[in-house]
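What Swiss-Prot records for this protein:
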type: BINDING; residues: 671, 672, 673, 674, 675, 676, 677, 678; note: ATP binding site
């Protein structure tokens, strides 16, 4: 479900979003103020500050009450009807904001901008103003963000090309880190780009939002905001960008096309509006060249579960399996790389070189990882400080970051010739000023509050004026302590206490049994009764009032001086912002390199050979996610080879048991359900993706020619919202592959044609294979239960038949998970159905039907078959299933199936573990 917001300060409020302000005579001054502010911010939930709560009224209250599960009450009347109202405490507002933003809502935060006492003196309502617009794509607070994921705002612009060919300009920013990127693509590539970047919020023009072709897909985004066309005006784009970056021309910052500039300018314009003039520091727009990354369409990303499982969980995804990073920034960078594998051979090699350096030196790797654990999230701390939302702990984060940089540099100095990426990271870590770090260390106290308004974050001795003010404040408090002792002595009440709250200020508190003593002469002349509670009585004195004024003045002066120091330090940090951001990125880069090295060593990954050929040769390939799951269960993963190269590989065939390298760019894979066909398909796609990400891969050897597009058609799901059946979804995805796959593409197809009649499905699968072979000429893996398709290898020279090995023993199917040359003649569907728990009568009946089908011509009519086979009345007399083999018999059969002369040492060890797992469990 998506939400739509319109932020348009330049147009009148829309009556269906904000109720018009009532004439002053009909509403209270406070409600008149509310209507005025609400009308200026249509389409946003208005958090209206009233004391210690943010209140919501009218439709906003009803929406928030449903979304947050909080009580809906009422406050007065409006036009004769009750005013719906709900509220959230200010101190817990971040929790509620996080939930609203996650649901796609936008919020305007309206604060009190003067002291209520000043408003009372003016005999007027407290002044209030909107201080921030919070939208899904413009978050900076840690409490509202996922530390391990980027939070992107994307602008989408379109231009009408010649001959009706449209072009799309895209710009995306993360204001919490300063990242800013742009690119241009064809309309047909938009969905893949959106899936890769996965923006938290997209802004588009009204016209594009309503477009018949692109509008439906845009409205499927998590949050989309239509804006007026002038926001995307390319004629004013460069001027707006120059204004944001405070430069005379963009030539020295970025070379953008007119369309890219329009999208980039829309981004900074929207940021200006939502941040109310405060400008987060952004890097100059980085232009992403067309074809620089592997194109992966949305269906393929979902099917391969790259960053999220089909259920939407991170756990169980490829990212979860390979993420060994120790910093939030490193985790974000790894996710970025996984979403956008490179297609440039040299850039991939540079990443692999960095990983290899840490694979070769385990001691250095662990030293770096230990130091990185102390590196804070500097980029997000910088963004908060620049927007005035930072606190003392953000200052400390930057101090600690520079300190961690020195430790990392000292350890990296052990490398005699650091690879390119590591050398670049070292240079970036040297950039921040060490003088700034020392200044922060001198200024900040050891125990820091979360908020700067709490004070106490400046170290004693840093500034003389602050020290003097603190002494005056603290001395006044000592006077209060002495006064408490004197009052206790004068009244004879040993339990007398002097306390403080925001309502009474300083007051004297005694138990109820002593209250009458202070209210009786002569003590009542000194102690003025203020409040009686269940167990206590409270009093004030003139002397306490005088002391309170002195303490308050000293405390306010001390806090004011601390805030001045904070602003001074924040300004110093802002000046050094570019250097600090470079160091933050260097930490992330080193974290990813060391994390992938740790993964490679612990899970036995190898460095892939990635080149510009069309090769695809994998030995001993494994599925990275499934292998980890089996390892946790104490079971081995059966490795397999795959060769989709146009020529034989340059290295020897794999050892027996790992599978044998075939000779075909298209592999037709047959075998029963649950034998591992889908796992085999996916693992090869994931190995290619990991290799071009710059990671080592789960294999014993791998050579991969650059893959420019990755396609996956696996699994089955309908799309009822669009009126698409499961089969229709399958055909749409297959059509995308056949229309777009190039010779550099890698395609995996699973069970094409199964969602319709047998001969229809067989015909579609047949024609699809021929098209892949003759037209696309790409590398492909095609799994099927249509065994008739294996005959195509006789006429298609680059088609290779492969099968997943199984054994049948005493009516049971044993899955060996080995991929070998050849084809399967059976699918063992009934045996799998039996494993799934179908009733024995159904299994027996299915076997009898299958036997009849196999004994007769497959073209025999269903009516004849129905006449020949007795109905379910015969099921009761169905033969009894033979008992399953005992554990000892299964063990004997497994030993007989082994061929010791064909096993490598590693395979022999795996086989031994597998046999051990079959032993009866001890009681």
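The backbone N, Cα and C atoms fix where each Cβ goes, glycine too.
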Three-state secondary structure, which DSSP defines for residue 678 (ATP binding site): helix
C-beta crowding around residue 678 (ATP binding site), within 10 angstroms: 19
Of 674, 675 (the binding-site residues), the residue whose Cβ has the fewest other Cβ atoms within 10 Å: 674
Count of other CB atoms lying within 10 Å of the CB belonging to residue 673 (ATP binding site): 19
ATP site shell beyond 671, 672, 673, 674, 675, 676, 677, 678, criterion: Cβ within 8 Å of Cβ centroid: 804, 815
Spatial neighbours, same chain, of residue 677 (ATP binding site) - Cβ under 8 Å, 6+ residues apart: 669, 671, 750, 783, 804
Residue among the binding-site residues 671, 672, 676 whose Cβ has the most other Cβ atoms within 10 Å: 671
